[in-house]
Amino acid sequence: MGALSSRVLRPAGRTEQPEPTPGAGGAARRSDAGEDAGHSFCYCPGGRKRKRSSGTFCYCHPDSETDDDEDEGDEQQRLLNTPRRKKLKSTSKYIYQTLFLNGENSDIKICALGEEWSLHKIYLCQSGYFSSMFSGSWKESSMNIIELEIPDQNIDIEALQVAFGSLYRDDVLIKPSRVVAILAAACMLQLDGLIQQCGETMKETISVRTVCGYYTSAGTYGLDSVKKKCLEWLLNNLMTHQSVELFKELSINVMKQLIGSSNLFVMQVEMDVYTALKKWMFLQLVPSWNGSLKQLLTETDVWFSKWKKDFEGTTFLETEQGKPFAPVFRHLRLQYIISDLASARIIEQDSLVPSEWLAAVYKQQWLAMLRAEQDSEVGPQEINKEELEGNSMRCGRKLAKDGEYCWRWTGFNFGFDLLVTYTNRYIIFKRNTLNQPCSGSVSLQPRRSIAFRLRLASFDSSGKLICSRATGYQILTLEKDQEQVVMNLDSRLLIFPLYICCNFLYISPEKRTESNRHPENPGH
């Protein structure tokens, strides 16, 4: 129902005129009766005070009478065109109060969850649920009292109150804490407008406290756009804003999607993804743990160390307790973990990942290294999106404030020592060969290519994306010690802290036949 109100906008530059008063227009009138009653005086500059008739004729200026008449006419015209604002009582509010809250002239009663609502069929027909009920051959179409069965445990009395009330008013205020219950009621009653409003409320209020509940509810009630938005939030925040509370709530199925995605906003390197998974698995197994994020890794390592002593010779993911988590760990890109010596040692010592998984990846990387050294491998020459999505190196960096930064990500990258610089709003890639020290071997080939994608993002306090830039997948060919600007940032879009995430592919994918493809192998 639309609220009735009258609102007319004034022309620009025009102010509301005051009500006309006696003597307006510049003529001064005496308030006392006497010989001057009905007359006025002229106070023209340089002239004597002269008595004037009620016609306000000025002998100093014979044309003044005509001017005054014209001014008075203009004034009246202005008054006629000056809007007057008068707020009318809202029809919508009247209907909501009188018909819904007071139940006046009700022709049907709806009973549910021990509560009763005195409503009106003509309003209920806005609901697809009741429209079908009243227009068909259902026995309820002729009943004055209808008992509703509520099979959905998310629906409560308050949610039904909001859902029924939405039929009698234009706008509904929805609290984020109540949106799931209201959505459930709206879906049951087939209230499309309310369902849409619930969806918008959910998308606007995604946070660490709401994201998992919203994701589950969006899947239950078919809000694909909300589900997609929640997944995007998780991809952006899982690693950048780690949370004990979030780790506890994330299900195995959701975590599998996140870890398998090339859009996961990784901070540092793939080893940090493994560490996050280890902490998440501990909290899934010990949900009663209530320490801080700083304490979490230490407690996690202690817990798994105790387990390791009891199950010597068996990796955790091979046990009955660990098997449910194996599908998530399979999505780790282990080739970028074992390429760093310190990380390789940790993953061996933890005894979480089956040795067969690691053996397959060691073999794969050894053969790739031989190709790079002996087969004139110069890197990817074309965009292979499938390979980039599934096997690219994921890494990132947080820039706390504006300034100059230069860094490299650790690990063996087939002789391509990539230096990344941020300075003066530019991001620069440099292929280092001889100019700067490098801990590993460096390829001296004249040219080397890499496939990459660069993404930048800033987030507000709730983890919502407030600005972002991305390059898309590209091929970059660099000569020895050559550097290249890969992104120039608009200072207006720079909001710190700034998060940088990259995907890299340093060598072209090996041509594999169907016979040697192994989907269960995490290295492929």
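Placement of Cβ uses the backbone N, Cα and C atoms for every residue, glycine included.
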Annotated residue, phosphoserine, per Swiss-Prot; candidates SER64, SER376: SER64
Which range of 13-19, 34-40, 83-89 is motif 'Nuclear localization signal', per Swiss-Prot: 83-89
Candidate set THR66, THR513, residue annotated phosphothreonine in Swiss-Prot: THR66
For the domain 'BTB' (106-176), the number of residues DSSP places in helix, strand and coil: 29 helix, 13 strand, 29 coil
